[in-house]
Amino acid sequence: MALFKIHPGVQSYDWGKKGSASLAAQLGEVSVDGFQIDEDKTYAELWMGTHPTLPSKLDSGSLLKDHLAQNQSLIGDKIIDKFEAGDGSLPFLFKVLSIGTALSIQAHPDKQLAQKLFKERPEVYKDPNHKPEMAIALTPFLAFLNFLPLPLLLLNLLSVPELDAIIPSTLTSSLAASLTLPTTRPPDSFLFQPLKSSPTPEQKDILKQIFNALMSAEQSAVDKAIASLVERYQNKGEDAEISEVEKPVVDLLIMLNEQYPSDVGVLCVYFLNVVELKAGEAAFLEANSPHAYIKGDIIECMATSDNVVRAGLTPKLRDVPTLIEMLTYDASPGDKQLLKPTKFGPPASAVAGEAEAEGSSKTQLYDPPIEEFSVLRVELQSGEKTTHRAIDGPSITIVTKGKGVAVSGEHGDKVEFTRGDVVFIGAGKEVTWTAEEDVEVFRAFVEA
């Protein structure tokens, strides 16, 4: 069979949502064999794929990876050759995330660094692969995405007095000089407009020093700065002095401090872009770029790796020196990280008059600039159908809404699906989706 259901796994991290409030748990209750929701437990991630930490299984209980190794046509020769996937390992890992509290300030290493970290500290960095990843919002989703444009970061340094004890004035002055901007206080915010060009090597070096000063600051200085900020922000409206520059992050800083009291990562509200995505909007996170998911539910796809370098908003191991050295410091507006979907074309067999109605108008393609994965989003109203062309690689599909039927080819395998089902699709199979109720389906795939 080239079309069949699989059983993923659920991860219960502290930052997840509690009980049935977790979308990952809701979907997992349908697709994870034997899984039942405990309302006192937090559920964070639904994992779909062959990663050894939490591999997907078949109805028989055998591993999906083993089944693919024994039936290599499901992967396809092109993918096996390109990604050395003859052992059944998929080059991507597909997830649903339910974020109740913020994840760590983090970045993912590129391939070269991942190999080095794995060789030196395999107990911490558990594989030698890189981890570019893409997030697609299922609900309103808030995240830190990369460094603020440097003029806006400088504006924060000049507007938030508590940062003076954290960031040396010499660095603030150096950044201002590199941007030919004044350091007068209060600053005239009109002068601090985002750059149209990328930071220069000199500016990147200054930003590196600033971020190192932040993340390496003495805890006593961090405690004092955050305590002052929280007091000032909680007294808003009672003669508290809060600049217009600060107002957009007041509530966020208070929330992060409630979740991670006196954590240096709380201060990242002044250094990183705060980006909100609406349902269906996506962001692509390149290697060596700082980010943190703050709240919401998302579809996530990544290269098959679990490598994370953390430095804040976490009780887990922090590796500040590695993070400081690995980042690109390519500061830019948050919307630069966004990935706009395109239409996914109809199969070659579709006649011209059916192409728009039955193909591209029903399916959006999220296609990041890497080789390991792309994701399709299918939306169908009850009674509608759409056909996907054959893809020269394997796919994993998660149903996030409704129910219907999927058929591979005219007389091929048939799977009835409902919300929460996870379906594997073998390489080279045209698939027709028919909705019995309004349907939303996400399909991760790789194609050589």
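Placement of Cβ uses the backbone N, Cα and C atoms for every residue, glycine included.
The feature domain 'Phosphomannose isomerase type I catalytic' is assigned by TrEMBL to 3-148. Per TrEMBL, the feature Zn(2+) binding site maps to Gln106, His108, Glu133, His291. Taken from TrEMBL, the feature domain 'Phosphomannose isomerase type I helical insertion' applies to 198-272. Annotation comment: TrEMBL describes Arg310 as active site. For 365-404, the entry in TrEMBL reads domain 'Phosphomannose isomerase type I C-terminal'.
Counting every protein chain shown, the Cβ of Arg310 (active site) has 21 other Cβ atoms within 10 Å.
Note on the domain 'Phosphomannose isomerase type I C-terminal' (365-404): residues 6, 27, 46, 48-49, 56, 68, 74-76, 78-79, 82-83, 90-92, 94, 96, 132, 134, 136, 138, 280, 282, 284, 299, 301-304, 339, 341-350, 358-359, 416-448 of its chain, located 6 or more positions outside it, place their CB under 8 angstroms from a CB of the stretch.
Cα spacing between His291 (Zn(2+) binding site) and the residue listed as 'active site': 10 Å, rounded to the nearest whole number. All protein chains considered, the CB of Glu133 (Zn(2+) binding site) has 24 other CB atoms within 10 Å. Rounded to a whole value, the Cα-Cα separation of Gln106 (Zn(2+) binding site) and Arg310 (active site) is 4 Å. In sequence order, His130, Lys131, Pro132, Glu133, Leu285, Ala287, Asn288, Ser305, Asn307, Val308, Val309 constitute the residues six or more apart from His108 (Zn(2+) binding site) in its chain with CB-CB distances below 8 Å. The predicted model assigns the domain 'Phosphomannose isomerase type I helical insertion' (198-272) a mean pLDDT of 94. Taking the mean position of the Cβ atoms of Gln106, His108, Glu133, His291 as the Zn(2+) site, the remaining same-chain residues with a Cβ inside 8 Å of that point are Ala107, Lys131, Leu285, Ser289, Val308.
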